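Going by Swiss-Prot, these are the annotated features:
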type: TRANSMEM; residues: 33-53; note: transmembrane segment
type: TRANSMEM; residues: 77-98; note: transmembrane segment
type: BINDING; residues: H83, H182; note: heme b b562 binding site
type: BINDING; residues: H97, H196; note: heme b b566 binding site
type: TRANSMEM; residues: 113-133; note: transmembrane segment
type: TRANSMEM; residues: 178-198; note: transmembrane segment
type: BINDING; residues: H201; note: ubiquinone binding site
type: TRANSMEM; residues: 226-246; note: transmembrane segment
type: TRANSMEM; residues: 288-308; note: transmembrane segment
type: TRANSMEM; residues: 320-340; note: transmembrane segment
type: TRANSMEM; residues: 347-367; note: transmembrane segment
Amino acid sequence: MTNLRKTHPLMKILNHSFIDLPAPSNITAWWNFGSLLGVCLVIQILTGLFLAMHYTSDTTTAFSSVAHICRDVNYGWLIRNLHANGASMFFMCLFLHVGRGIYYGSYLYKETWNIGVILLLVVMATAFVGYVLPWGQMSFWGATVITNLLSAIPYIGTTLVEWIWGGFSVDKATLTRFFAFHFILPFIIVALVIVHLLFLHETGSNNPSGINPDSDKIPFHPYYTIKDILGLMFMILTLLLLTLFSPDMLGDPDNFSPANPLSTPPHIKPEWYFLFAYAILRSIPNKLGGVLALLASILILLIIPLLHTSKQRSLMFRPISQTLFWLLTANLLTLTWIGGQPVEEPYIIIGQVASMTYFLLILILMPAAGLFENFMLKPKW
């Protein structure tokens, strides 16, 4: 009798995706992040579901309902802290996953890459609307500031903002619809993840060398299932250490105060994973210019495949491009730091220089380095 996993219509799909999938024999731990992101998504959906059972999306009771979850619901504190810090783990894995894609040239699988960028945008949108739900000071003012950016759009801006708010300010209607968005978006993410995997399995995985690995493939199970479980154990350990020992380390103290439209916090800033984009937004004195730079900082990922000039796919054997890649990494860390600082000197100028360097590295220096490295492979002298 033939094995059921190879004949049953549903099992066959799972078999070709996770068991008998031919995988390159040399992929490193940097290829673990896809599965880790899948686990993050499952954790977020499950903890979120249990939170939604006790949460009320009304301005008068939202803050109290979150306090009630933490105080009175069985293990509510754990579910809430896992959900909040799970988001941080999600973005940590996302940034490393994208960084891996840039370093090893995985972006040349264009469909997979583009779906991945869309996924990044949807996850960012989900995190933003989710941050508003506890209805603390930073939730309220974060929602006010970020939604207000849309008013920079010429002609329709103000109408658009009031349409999203459901009134003339962030209020009950805004909170209710943000809860609805926060509930539906993760399921849209699941659908996009399936499409992401579908396109990936059309081509097979890339590998560190950037060379076609078809001549040497091994089955995904047991080799990479075991390897993924190791990465998973590290991630779960990190998440539990964060959740159980310092659950509020990455949060903002202002969010322990209920939302008050009459009192603005001294420094309005988003969660750490948005700070790099927030720094780019703030570094441009013009409102519309800032919004466009903010969008460009993420959407620039879509044109990275078009900026690939090298004859080699990966950065593994390209020391000049490697140096620029790590400069870009340092640059993003600098932007993240600046995004959390008040708007005063010397932070303003550092932010402006870092923002300019970010675009300069991606748009000009890295493609130029690729061309130079091509020349160095076969110098004309």
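Cβ from N, Cα, C; glycine included.
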Exercise for the section: Tally Cβ pairs under 8 Å between the transmembrane segment (288-308) and each listed stretch (77-98, 320-340, 347-367), then give the stretch with the top tally. Expected result: 347-367
Problem - Contact call for the transmembrane segment (77-98) and the transmembrane segment (347-367): at least 3 Cβ pairs under 8 Å, seq gap 6+ - result: no
Practice task
Would you kindly give the Cα-Cα distance separating H182 (heme b b562 binding site) and H196 (heme b b566 binding site), rounded to the nearest Å?
Solution key: 21
Practice task
Just name the most isolated of the binding-site residues H83, H97, H182, H196, H201, going by other Cβ atoms within 10 Å of its Cβ.
Solution key: H201
Exercise for the section: May I ask you to check whether the transmembrane segment (33-53) and the transmembrane segment (320-340) make contact, with contact taken as at least three Cβ pairs under 8 Å and only pairs 6 or more apart in sequence counted? Expected result: no
Handout entry: H182 (heme b b562 binding site) to H97 (heme b b566 binding site) - Cα separation in whole Å
Key = 23
Fill in the blank from the handout: Counting only residues at least 6 beyond its ends, the same-chain positions whose CB falls under 8 A of a CB in the transmembrane segment (320-340) are 99, 102-103, 269-270, 272, 274-280, 282, 310, 347, 350-351, 354-355, 357-358, 361-362, 365-366, 369-370, 372-373
Exercise for the section: Give me the Cα-Cα distance between H97 (heme b b566 binding site) and H83 (heme b b562 binding site), rounded to a whole Å. Expected result: 21
